[in-house]
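The domain 'Expansin-like EG45' feature in TrEMBL is assigned to 51-151. What TrEMBL lists as domain 'Expansin-like CBD' is 164-244. The signal peptide annotation in TrEMBL covers 1-24.
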């Protein structure tokens, strides 16, 4: 099985479109294009894609080569998805190659769920997400593998805490997908440095209720800093997620 936690080298959450071959009577016909997401695992040799949950063994000797993908469980369908052919092209992200070239891949493996991570931040293959964990050689034919996470939309902040403590869980981060430092600013305060609580969660011990909130985020990979102004309105509530209009690229 493909492992999103150990062998995944680049968590690229691109918008892709896929076309599966479906049976219509006795004739196979392509389905319409639909939206999906893609990552890759392994390296240029595709050695980590050999074997897999479909039992094809050495993919070179069995004729599949490197144009393969592991399917999220909704596509894998308890193994009935093995051998399915998909056409995939990358659209809607700066990492996509010009002209959105199309690649055809065969399903040879399962990308298992990662229940410890949300489906938009690490648990890419969690149900009900339609996701392809491609071999790196296949992925490199449609997009730049250096891109990191290329999400749709801006950075998202899930807010928790109380009147004296703000906890922000950061999601949908573009670029390298990581965060080195964060600051928060209320409409009545200056910038307040936030400390890391755990993982992608940052906290500030300040009274910020009743104020609109802005965040400043520094990327760990590039040290670039962006400001997400007025992400949460003055009547923000804990338990809700607020989306910025900016993101790393």
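A Cβ is built for glycine as well, from the same backbone N, Cα and C atoms used for every other residue.
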Average pLDDT across the domain 'Expansin-like EG45' (51-151)?
85
DSSP-derived helix, strand and coil totals, residue by residue, for the domain 'Expansin-like EG45' (51-151):
14 helix, 27 strand, 60 coil
Of the residues in the domain 'Expansin-like CBD' (164-244), how many are helix, strand and coil by DSSP?
0 helix, 42 strand, 39 coil
